[in-house]
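Taken verbatim from Swiss-Prot:
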- His63, His92: heme b binding site (BINDING)
- 2-146: domain 'Globin' (DOMAIN)
- Ala1: N-acetylalanine (MOD_RES)
Amino acid sequence: ASFDPHEKQLIGDLWHKVDVAHCGGEALSRMLIVYPWKRRYFENFGDISNAQAIMHNEKVQAHGKKVLASFGEAVCHLDGIRAHFANLSKLHCEKLHVDPENFKLLGDIIIIVLAAHYPKDFGLECHAAYQKLVRQVAAALAAEYH
């Protein structure tokens, strides 16, 4: 489903306020805390044995920033999300072997983090637009999976 002009405006207006490093690190940290079995993808990140270690792990924070920056690319390519993420989908499928369900889980956590940090901006319509965006990004990232 494509985005209408109002949805594009809502997504863009909020995105310009987002602290990508902080929110990205928090989102990935939350995923690793809430879903500890996902830590297996990050075993080379050092100590991720508990919530405190995860929240203060520089590699987790840096990768969270990278992930959210990549998510932000979708904001710039709302009319071509699937094509934009084709190579990243291939990487996650063929090389990293990441369970595509993780994209949905992390997308939901990103929404929680954005809502917590930007409550005045994250109203019902903005939430709906971001939910649509998260679904499309997750589907694009899962596109190479069979």
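Heads up, residue numbers simply count up from 1 along the chain you see.
Each residue, glycine too, has its Cβ placed from N, Cα and C.
When other Cβ atoms within 10 Å of the Cβ of His63 (heme b binding site) are tallied across all protein chains shown, the result is 17.
Cα of His63 (heme b binding site) to Cα of Ala1 (N-acetylalanine): a distance of 29 Å. Long-range Cβ contacts of Ala1 (N-acetylalanine) within its own chain (separation 6+, distance under 8 Å): Lys132, Gln136. Summarised by DSSP class, the composition of the domain 'Globin' (2-146) is 109 helix, 0 strand, 36 coil.
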